[in-house]
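Straight from TrEMBL, the features:
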- 26-48: transmembrane segment (TRANSMEM)
- 41-290: domain 'G-protein coupled receptors family 1 profile' (DOMAIN)
- 60-79: transmembrane segment (TRANSMEM)
- 99-120: transmembrane segment (TRANSMEM)
- 140-164: transmembrane segment (TRANSMEM)
- 197-216: transmembrane segment (TRANSMEM)
- 237-255: transmembrane segment (TRANSMEM)
- 275-293: transmembrane segment (TRANSMEM)
Amino acid sequence: MKTGNQSIETDFILSGLFQYGRMGTFLFVAIVILFAVALMGNIILILLIRLDTRLHTPMYLLLSQLSFIDIMNISTTVPKMTTDFLTNSKTITFLGCEIQTFVFIVLGGTEALLLGFMSYDRYVAICHPLHYPVLMSKKICWFMVTCAWTSGSINALGHTLYVFHLPFCRSRVINHFFCELPSLLQLVCQDTSTYEYTIILSGLIILLLPFMAVLASYARVLTVVFQMSSGKGQRRAISTCSSHLIVASLFYVTGLSTYTRPHSLHSPEQDKAVAVFYTIITPLLNPFIYSLRNKEVIGAMRRLLA
């Protein structure tokens, strides 16, 4: 890192999400409110799972991991974005950009795999309830969590080390509100077409395969549910599965849209809009979808308040 007046040469400039003016201020306030609600919802869910012994099961262990990832995910982008808006300073250091990129890819990859494991947990619980204690023991559950974090970290480390050793010889302005791989590649002055295939391949493995597992698991769950004689049980299962599928699909589809498209098809404004969904909207929805529709979590909240 250079010092003095030359230090700006190693910094990046984030164009940001907000435009100054009335509309920009409104959007800024809305994002801050969504950030606060998402943070509060995920923290409350983690505390409930931690304090209520009835929720010390594999399902809720995975759910607490998801909430922790969502807290980290939204905290990786929104505080920097809002600070830049308030201070009118949009620079981010080379190291800061590198760290933000690494952390974001780790969290995104881990969440993608974790959602797949959670769908498997629901599949085993509904389709093979007698084998659930064996197929989803705490040991297996922790193994899943470890695999998700390890795979996400290795994937992120490889991409981050490679990208930040490329020559950034074009404009230092990143047309995004945080440091993300597709936006960074636009600043590289050498041909990155071969590397883009690597991004697409890793996106298909980390995002598409778990997404297919989620769809297959819930399809099997719904098939079993439709064989039930209880209409009330069917409606409840369909309602729960559909809400889980909607949130998971929102995360996977927007992620695939960003990381499996060729460089030539990327639009900065479109990338920003899509990124809002998996950086802000999904962390906001997850705790409410997985808790407000869950009688055990509601019961734990009532016991805690009582």
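Placed from the backbone N, Cα and C atoms, the Cβ positions cover glycine too.
Predicted automatically and left uncurated, TrEMBL annotations should be read as such.
Recorded stretches compared: 26-48, 99-120, 197-216, 237-255, 275-293; the one with the most Cβ pairs under 8 Å to the transmembrane segment (60-79) is 99-120.
Counting only same-chain residues 6+ beyond the ends of the transmembrane segment (237-255), those with a CB under 8 A from a CB of the stretch are 108, 111-112, 115, 119, 122, 126, 203, 207-208, 210-211, 214-215, 218, 221-222, 225, 228, 274-275, 277-278, 281-282, 285-286, 289-290, 293.
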